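*Asks:* Below: one structure in structure tokens.
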Amino acid sequence: MRMEPGDQTSGMAPDRGLVSATRRPRQEPGTGTQEGAPGPGAVRARRFLLCLYLVGFLDLFGVSMVVPLLSVHVKSLGASPTVAGIVGSSYGILQLFSSTLVGCWSDVVGRRSSLLVCILCSALGYLLLGASTNVFLFTLARVPAGIFKHTLSISRALLADLVTEEERPVVLGQFNTASSMGFILGPVVGGYLAELDGGFYLTAFVCSSVFVLNAGLVWLFPWSEVKLSGPEDDLPRGRNQALWEKTDSAVQRAASAHGTPASPQGTPVSKGPARLLWAEVLATLWGLRSLVLSALWVVFLVRLLMAVAVMLYYSNFVLALEERFSMGPRAAGYVTSCGSALGVLAGFALGPLLRLYGHQSYRLLLHSSVLTSMLLLLFASARSLDVAVACSVLLSFSTAIGRTCITDLQLTVGGVRAGGSLLGMGQSVTAVGRVLAPILSGVAQEVSPCGPPGLGAALGFVAVVIMSRNRPHSGGQGGDQLKSE
């Protein structure tokens with residue numbers, strides 16, 4: 001395990017896992033503290049969580065200021081629709097290949113370093129975007145963000161390090177709620193700035209400044225107020241223990257291949273830091289192969305199917321409302337805003353729902369997927385505007401619940417030891433969906449305006465069948481006990 005600069009002198013262990021300082025027989029969700037007796041450790045843990053929520057808010061606030069303006073700006077630079085489409089897809093392609101690598105890299109070097117690097121590189125990308133005066137510079141400016149824009153994934157991995165398995169879905173839901181609020185407010189500010197002279201360049205500069213502010217916030221985090229644990233504390237127990245032992249063996253083999261001795265725990269001894277770093281990253285990814293093939297394939301397949309299903313619905317949402325019900329773009333925007341607000345409320349409803357389900361996120365994911373598929377089918381077959389609007393608003397709620405549950409399920413099955421790698425793989429799977437959804441949507445729209453949501457409903461029901469017949473086993477059964485100690 002690599003240590004952060006200064007960790008060795010301050011007596012703190014590497015920042016891959018964050019745990020509370022005291023043992024807790026019963027905890028309040030989202031705080032990691034003993035119910036009824038919040039001590040100093042409780043306040044510190046809660047303060048750290050609130051700081052992470054603010055990071056998520058600022059991240060999507062900055063991004064959502066610029067993203068709605070990208071297609072207009074690239075066309076103003078003289079790009080044809082085809083070129084604009086290729087430039088737009090470059091970001092998704094970079095995310096497809098970088099998500100897993102950056103996630104694994106955060107497991108190796110630590111959350112603090114990786115989070116700072118990703119935020120600062122994203123700030124550089126948006127600063128270059130504001131300085132782009134032709135299509136080539138515009139495309140070049142998208143490269144840093146495409147590779148390093150993984151702030152939310154690393155933040156979720158850090159949250160998973162901090163809280164217990166029972167608390168994790170609630171905390172992730174609250175984090176998603178904070179991020180969604182940024183996505184609601186960002187377009188309003190970006191639209192106002194875009195109407196000023198040099199609006200896009202000003203908006204991109206403000207976005208870059210927001211990311212710099214976010215990096216400063218991460219730098220000033222109260223890292224010393226939480227106990228930091230080494231990799232041994234994050235070992236997943238139970239059914240997947242043997243698979244993680246294979247990962248450790250892979251690290252040893254990679255270290256030996258590069259002429260670097262390894263410790264008995266599988267962590268190579270310092271020799272050639274840069275070469276060793278990438279050897280450990282690649283070895284960890286190779287070791288995860290067995291885990292994915294044996295236990296996580298169901299989770300990732302369900303994630304892909306549900307992602308494509310929802311993207312198909314959004315791909316022609318405004319066009320479908322206009323062609324089927326003569327609803328204008330402004331009214332469709334109001335419907336989208338109402339749905340987004342309900343999606344924010346889903347984060348607050350997640351805690352009571354999990355208690356109702358006995359903290360079984362898999363069952364909640366199954367039922368939310370059934371609800372999402374039924375709403376897609378109703379939207380595709382709706383004959384009245386009222387039914388279509390009701391389905392649209394409720395879909396925001398069910399998909400928000402489903403996103404949180406599928407993220408929690410990845411960490412439950414794979415264990416939080418490689419939380420960054422697992423969440424990065426999930427983002428890569430979603431990126432595949434972003435590539436497939438526009439193609440499938442175009443084919444389905446050739447048949448009918450109802451084609452994309454109808455096809456999405458079919459894919460959703462396929463995901464439900466797969467979940468019903470293949471329940472993944474948990475690989476992190478001992479995680480809660482370890483974190484509470």
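Any Cβ shown, glycine's included, is placed from N, Cα and C.
Caution: TrEMBL annotation is automatic and unverified by curators.
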*Asks:* Identify the transmembrane segment range according to TrEMBL, selecting from 175-194, 375-394.
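*Replies:* It is 175-194 that TrEMBL describes as transmembrane segment.
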*Asks:* Test of understanding: applying the rule of at least three C-beta pairs under 8 Å (pairs 6 or more apart in sequence), is the transmembrane segment (115-141) touching the transmembrane segment (48-70)?
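*Replies:* Yes; at least 3 Cβ pairs under 8 Å.
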*Asks:* Against the transmembrane segment (334-357), which of these stretches has the most C-beta pairs under 8 Å: 115-141, 175-194, 200-221?
*Replies:* 175-194
*Asks:* In terms of Cβ proximity under 8 Å, which residues at least six beyond the ends of the transmembrane segment (175-194) contact it?
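*Replies:* Distal contacts: 52-54, 56-66, 68-69, 152, 155-156, 159, 200, 202-203, 206-207, 337, 340-341, 343-348, 400, 403-404.
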